[in-house]
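Here's the structure, in structure tokens; my notes come after.
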Amino acid sequence: MNTNSKLFNRDFTLVVLGQIISLFGNAILRFALPLYLLNLTGSSAVFGSIMAISMIPMALLSPIGGIIADRVNRRNIMVILDFITSGIVIIFGLIFVPDHAVVLIGVMMVLLSIIQSFYSPSVQSSIPMLSSPENLMKSNAVVNQVQSLSSLLGPVFGGMLYGFFGLTPIIFIGGISFFLSAVMEIFIHMPYKKRPAESSVFSIVKGDMRDSLSFILHQQPVIFKALLVVCAFNLFITSMFIIGMPTVITINLGLSSQLYGIAQGIMMAGALLGGVLVSLISNKLTQDKAHLILAGSALCVLPMGLVLLLGLPSMISYAVITFFGMSLMALASIFTVMMMSYVQIITPESLIGKVMSFIMAISVCSQPIGQALYGFLFKISDSAPWTVIFGTGLIAIVITLASRKIFQSIELLPVEEN
């Protein structure tokens, strides 16, 4: 593990810069493609179904991505996948025709999800390799802030570009971003020790999966219990947020793509704020209080439904939904950094990639179901979307109350020590 006490050492800085460029391109694509689909079809059900299908590879392939991340040079994985993504995106831009938009966008989002399944474990598991133990939570917070900053600027610029110029320039900007990120990552020096191949590929995969599951289920069962809570939140709040926000803002409130992009940017600013707060108060955050963060997230949902119930003017509803969406994202960011840092601290170095990928896979496995469900719910309640949002908030509060004992049972660890 890198013992350099400096937070922004050379290699960590290159990872951060590469992430800024890559994630910006990813953010504008993930903003524009679903919005184009929603505007084209006007159906939240089609929108939700495509989003759900695109999440399935992430749930199924992330564990394999983690196994690869622990056995192959992580720098090489990041470089190769960014080059591949750049090529796929540019080819998509060249062959895209509106008549086949639903199929092409569906295929494109599935391919991006497959690549992300292998890319994310490499990035997450590289952080402990490039950071000293005392800087681990701060390093995670920085990476989280980069993701949030990209998610903030991506929708804002994506909304403007999409509103004024359409989808095509966004596609090519995304392709160029992935190419530049790959070039940046070539210069990263990442510790890597090649493991001897002692058995067949199938045996290696089977053994690594067994080790990861054993660690999560038996050695650290509290991780699995916490993951079940995260799955429940993703099934309801995350899925409602992903499907509901574009549907409510652009269809129910009748506002423009530009305003939706601004709302998305402001909400992502909340995630950035959460990352900043973690950096400032990391020594005061304890995992046994994580359920309080979730409770705050659940309470943020209720005002969003209330303004729609009251039938307030569109811009007032827009402002309230955006503000509480920003607050929810700030709390979600704090929770994510807290729990990811905890897992990285208690996980042996040889298992980090596999365990992190299993966590990502399990945490998102409920999202395809949730997104398909909310696409259907928003379609049948198009005249009263507040019922869906308000109901989601109440369910989330119940989940939070039920999770209290799980988080209070976590063994407290000093986040600034290994």
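Yeah, the Cβs are placed from backbone N, Cα and C, and that goes for glycine too.
Per TrEMBL, the features are:
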- 11-411: domain 'Major facilitator superfamily (MFS) profile' (DOMAIN)
- 12-33: transmembrane segment (TRANSMEM)
- 45-69: transmembrane segment (TRANSMEM)
- 76-96: transmembrane segment (TRANSMEM)
- 170-188: transmembrane segment (TRANSMEM)
- 226-253: transmembrane segment (TRANSMEM)
- 259-280: transmembrane segment (TRANSMEM)
- 292-312: transmembrane segment (TRANSMEM)
- 318-343: transmembrane segment (TRANSMEM)
- 355-377: transmembrane segment (TRANSMEM)
- 383-402: transmembrane segment (TRANSMEM)
Suppose I define contact as three or more CB-CB distances under 8 A, residues 6 or more apart in sequence; do the transmembrane segment (383-402) and the transmembrane segment (226-253) meet it?
yes
Six or more residues out from either end of the transmembrane segment (12-33), which same-chain residues have a Cβ under 8 Å from its Cβ atoms?
78, 82, 89, 105, 108-109, 112, 123, 126-127, 130-131, 139, 142-143, 146-147, 149-151, 153-155, 157-159, 161-162, 167, 170-171, 173-178, 180-182, 184-185, 187-188, 261, 264
Any contact between the transmembrane segment (170-188) and the transmembrane segment (226-253)? By contact I mean 3+ C-beta pairs closer than 8 Å, pairs at least 6 apart along the chain.
no
Out of 45-69, 76-96, 226-253, 318-343, 355-377, what stretch is closest in contact terms to the transmembrane segment (259-280), meaning most Cβ pairs under 8 angstroms?
318-343
What stretch, picked from 45-69, 76-96, 318-343, 355-377, has the most CB pairs under 8 A with the transmembrane segment (226-253)?
355-377
Are the transmembrane segment (355-377) and the transmembrane segment (45-69) close enough to be called in contact, which here means at least 3 C-beta pairs under 8 A that are separated by 6 or more residues?
yes
The transmembrane segment (45-69): which same-chain residues, six or more beyond its ends, come within Cβ distance under 8 Å?
34, 37-38, 77, 102, 105-106, 109-110, 112-114, 116-122, 125, 204-205, 208-209, 212, 242-243, 246-247, 353-358, 360-361, 364-365, 367-376, 378-379
